[in-house]
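So the structure is just underneath, and the comments pick up after that.
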Number of protein chains: 2
Amino acid sequence: MEWINGGITAPEGFRAAGIGCGIKFDKPDLAVVVSDRDALCAGCFTRNKVKAAPVRVCKDHLSKTNICRAFIVSSGIANACTGEQGIENARRMASLTAEQLGVKTENVMVCSTGRIGTQLPLDKIAKGIVTVVGSASKDGAHDAAVAIMTTDVVPKEASCSTIINGSKITFGGMVKGAGMIAPDMATMLAFITTDAAVEPVFLQTVLRECVDKTFNSITVDGDTSTNDTVLMMANGVAGNPVITAGSEGAEMFRQALQGVCYSLAEQIVRDGEGATKLIQVTVTGAVDNASARKASHCVANSLLLKVAFSGPDANWGRIMAALGRAGIEVDPDKIDVFIGDVPMVARGVEIAGNKNDARQVWKQQTFVITVDLHLGPGKDTCLTCDISHAYIDINL
Amino acid sequence: MEWINGGITAPEGFRAAGIGCGIKFDKPDLAVVVSDRDALCAGCFTRNKVKAAPVRVCKDHLSKTNICRAFIVSSGIANACTGEQGIENARRMASLTAEQLGVKTENVMVCSTGRIGTQLPLDKIAKGIVTVVGSASKDGAHDAAVAIMTTDVVPKEASCSTIINGSKITFGGMVKGAGMIAPDMATMLAFITTDAAVEPVFLQTVLRECVDKTFNSITVDGDTSTNDTVLMMANGVAGNPVITAGSEGAEMFRQALQGVCYSLAEQIVRDGEGATKLIQVTVTGAVDNASARKASHCVANSLLLKVAFSGPDANWGRIMAALGRAGIEVDPDKIDVFIGDVPMVARGVEIAGNKNDARQVWKQQTFVITVDLHLGPGKDTCLTCDISHAYIDINL
């Protein structure tokens, strides 16, 4: 697998564009990703029970067909908690895009991100759809990545190529994140493309697996949103033998897709609202993987700890307190904690003399916290960031 | 029931003192509460699996006897994650206090609050215990309340009297809170006294009930701590007929105790680290009380919402998002939300024209958010506060 340039249009047969249509005052706010031929579609959606209108419409479309020709995405307004009018507006975004492309409404997936509770300005969006679909091109990936941003500081893209059974397969992706980020994907929209030919059930399964290990293993603030969506199109333009579960190329496909998802997920955390640091929390020695996951996420979500990440002290006490309330089996007197490579806590007690070394690690922009519970084989990793004054300013 | 002055020594037969013994640089850090005669003791402790040494020692003492003569409390260092030495130090605090009073070690309960992972300076504390026990008096309640503070801005006390079966019964209390406050009591120490004569099992049961409705229904930052403790002494000096479960005075006793606990709990939230506002979140119409509790706590704990409390907008979208991820049954299209008395959301959609009225309520220092899920009889209330820049400065 090789990282390449090109973003969401890096694979063959995809075009994209991003424009400003007037939802936001003065910024790009409407993006489209088009597949030149029918593509298989797979998706993962928020588990928040308050689901935004576009999430409901996407799920409806996927229940009718797994063939997709385009993603249409607006930013600035989430189209969540908007009642029947909101559903109508989301459907209309899809049907207007379908019209421009000469395809069926259910062949278009629709996403929105931004403020909850406001209705979309559909007249502006309708005009925008004509423009954005008309201008979609191989060169439009970056513009699209910019147009889906809300409080994101930087656009987020990734793309890679790999050879599977002699065919060159390419993946492209873009994502928006920033705040309301927690397991179950939160206010994030991720779009992934590939020119591989893939069996549909395998595509959905492998996407779910990759999402669990990447987008569902990050946290910014523990809040989860109404609009989370990961959508993928696989258009088969690469002409490879169809990749199926258990086939020779399946594992390579999974690894490449997971690589793209991980890159995008990490970019979200790095660009967490006001974040200045990226911290990996790894828990080993839990009784099982599910316990390790609860522990890593509880540590990664601790507000007190996330504030401490911005400060000077390697505040391991807050790690211990988070482990104790994670709702899993722990024996405090068996816990080891490492800050980077520095052993900080052995069997639940601070190791004398290592405080300064730990403090040096803690100052770095990126570091790893490792916890060994010494109870079993369970292991999990979660990415998190610090919470700084800027987080408050952004969310006031 | 009538609120009175006097704090923890308001009931007959109690003395207290607070001094500085040198744990902190220049502030009071050691408090004692003494009962002049044997008192019944009841306690509730953190459910965090990483339990501080004093919590373990208190539980050990309570397993041996329910008779108590004193609480000895230090602030500045939590004596948590301190291994065998920590246990030894906590026991020593109890035994030194017991020695001064001429009672058994297990008749003294010991608490500490402050930073995790550091060992207590026992030489300083030993000298301090002689001084603090020697100076305990009826007038020492306020000094004791000051000496248990850490990042608390103000000391927190409450006391009340009530007539039960012709006897005047008095309650006194003091508490420390501020950060790491969430259900299951967090970094809070609460001490309550009464001169009532009470049956022991009833005392423990009614204390647990009152704790659930008060200290376990508040949140500052969702973090829970290693040291949470609520301890109560009932010394029977009032000379009333012993209050038992189901007896005539039982309900009055419960109400007065709950009143004191509620007052102290509310004071904790008002003094939440950096907090400028007190918000009550009430959820009605849940399928049952347990669901309502999950919902009220999920809303009260939402970091995004707590940041929004400091801002100008009545950001009801974040309330809806929190309800959707609370892990309970909700139908978004049935949810009503009130900001104060202003109906803001009806059946999941914003009520047009009420935004400015809601904004006026949102500006107030204290207001109530009410959610009606329209699904059943379940109801719960949780108190919370805003998260401001000061929270970050305090916890860096």
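Placed from the backbone N, Cα and C atoms, the Cβ positions cover glycine too.
What TrEMBL records for A:T187 is active site, nucleophile. The annotation substrate binding site is assigned in TrEMBL to A:T150, A:K176, A:T187, A:E273, A:N395.
Overlay of TrEMBL feature records on the structure.
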residue: A:T150; record: substrate binding site; DSSP class: coil
residue: A:K176; record: substrate binding site; DSSP class: strand
residue: A:E273; record: substrate binding site; DSSP class: coil
Binding-site residues compared (A:T150, A:K176, A:E273) - the one with the fewest other Cβ atoms within 10 Å: A:T150
